[in-house]
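**Student:** Below is one structure. I have some questions about it.
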């Protein structure tokens, strides 16, 4: 008994804080413990498989690392080479930007168009939704990329169709002027996931607005332009950001269609494909890590830019 | 504890008995375990696994785990495993990468096993040297092959063109290609594949001119003039329609399935002799092997007998001697040789070749006869390619495409190629 009192006196001020702190943690645990336990698998995944490797790759980006020998610190040499002496980096950038600029607007416009058509109370909507969403699920897969290769090869289905009209098409996937377009078409074909989100957004728009507008004699086009589009801007914004990030990260289709070379003549050399070549083709892990961080930076800049400009064109319901 | 429980469950019933027998080899009685990794097709895997079974029978108490992947997935996997310190004990190694892996200390030197465990005295000494880096032996060649032209005999016959011979020149070959294209017996069909981006073919052509791809100290061994002449030769064939146009050639991902020959676009393709089996497997027409064309009638051939691939032993292996023993079994045991055939190339051991010859099928015999019948066309084995060689090969392909699609003329192509390769090699 006395001992307990003594220790309480000796510890002094600290002792007054501790029980309180313990109590706070205990009550937090009692309140949220179960939640954190349920989160645990995700937390382990996030720290072990995402954050940990990301930090490691940041370190590796300042080294020369061939996977076999220990990494060797080279300071900013990798970044200097990217900025000054790597023509393939420039080529990859060009291809990737072209792809982003082409595929995102086409895909979003198409997704919106289909969403509007489906919104007009089509019978069997759920079936159409599922069918149109399917390509998004399949699109990233190797099998679809292989199929695409077959479709657009010199004697593929596309050219057979063209031949019906007497047009002799080139081998789309293996001609540097056209190969990027086949990848853009493949991307547009996977319009399902933005389409579903557009559809949900369209459903949020109160129908009485349209009724009022048509009573006032507004044409369908004017209704779309004055009601649908402005009220849909938050959804468009969301889709644009997500799809842009996705497009920057695109890899599989280019990898399959070019057989991993990014050819013909670097015309399908997506940024991630070049990164992969450097990492696993030439065993330059350090350099590839630096490339990866440049990509992170670019995506971050793009996203920040979108958010900054969004206040001028995104209208939230208020 | 668990031991006893599993023993009880053995008595308990049949299902448990099965699981017990599945677990048993892992739990105890195991003295040694070997892990193998190789690249290749399912056929190669079947053959390799059969040899592993034979080895296990001859060496009771050894467990073998074999794994295989395609070529392009193989190197990332191997590099990752080596980096992670869990490299397989026996590693299939390519001539292109052996220097990199040996110099980085990933492979065990095998010299101390020569004569005792490794009985490769009757190997061609050149091939032993081919597996050596800086004077030490790091790889045992699993077979020899050589670059070759794959020729569709039926397409030649249809067009009324005689097959190329060992003394056919490039001029003559171009004329043959032109005749096949002109004959027009098949829709959208051309005489030759475009070989301007195929590195082993360029190497063959350079060797006939007394040059090479790389010097022994890892520098480029040809100049912009050579490159320009090479591209000009193919440019002319493209213009004449002796070979396929650029957008068809660009479909070729440098594997058997996508070559213009296999796609039914051309009557020739350029590959390695051990790939004949693979080519024939997916082509209905009869395919034969031919040596590459000559730059002129008096030219010496540019061929060499190349170690198709090696087996190396990991420097981190817990039992490198057992690894060496397995490798020796693989290249010397007559029963193993019969299973393996010439799928990995023609065996290096003279006695194995003799023992093997009668049991080979037609394709195997054709490959064996091709490699051993090259005669005066065969020269010295070039030094192993330097690091960066893989990148240099991609650069050749890219420049060849730029010339083919008209973005560069032949002269610019030669200059660009030499510049790019020089830069790649200097980076290492």
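Backbone N, Cα and C atoms are what each Cβ position is placed from, and that goes for glycine too.
Annotations in TrEMBL come from automatic prediction, not curation.
From TrEMBL, for reference:
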type     : residues  : note
TRANSMEM : A:34-60   : transmembrane segment
DOMAIN   : A:93-306  : domain 'ABC transmembrane type-1'
TRANSMEM : A:97-118  : transmembrane segment
TRANSMEM : A:130-148 : transmembrane segment
TRANSMEM : A:178-202 : transmembrane segment
TRANSMEM : A:223-242 : transmembrane segment
TRANSMEM : A:254-276 : transmembrane segment
TRANSMEM : A:288-308 : transmembrane segment
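How buried are the listed features, and what sits near them?
**Tutor:** Same-chain neighbours of the transmembrane segment (A:34-60): 71, 285-286, 289, 292-293, counting only residues six or more beyond its ends whose CB sits under 8 Å from a CB of the stretch.
Residues of the same chain lying 6 or more positions beyond the ends of the transmembrane segment (A:130-148) and with a Cβ under 8 Å from any Cβ of it are 114, 118, 173, 182, 186-187, 189-193, 195-196, 252-253, 255-257.
Remote same-chain residues near the transmembrane segment (A:178-202) are listed as 95, 98-99, 102-103, 106-108, 110-112, 114-116, 118-119, 129, 132-137, 139-140, 144-145, 148, 152, 170, 172, 228, 231-232, 234-235, 238-239, 242-243, 247, 250, 253-254, 257-258, 264, 267-268 (criterion: CB distance under 8 Å, separation of at least six residues from the stretch ends).
When Cβ-Cβ distances below 8 Å are used as the criterion, the transmembrane segment (A:223-242) is approached by residues 104, 108, 111-112, 116, 194, 197-198, 200-202, 204-205, 209-210, 213-214, 303, 306-307, 310, 313-317 of the same chain, each at least six residues removed from its ends.
When Cβ-Cβ distances below 8 Å are used as the criterion, the transmembrane segment (A:254-276) is approached by residues 88-89, 91-93, 95-96, 99, 142, 145-146, 148-149, 173-177, 179-180, 182-183, 248, 288, 291-292, 295 of the same chain, each at least six residues removed from its ends.
Remote same-chain partners of the transmembrane segment (A:288-308), defined as residues 6 or more beyond its termini with a Cβ less than 8 Å from a stretch Cβ, comprise 57-58, 60-62, 65, 78-79, 82, 89, 237, 240-241, 244-245, 248-249, 271-272, 274-276, 278-279.
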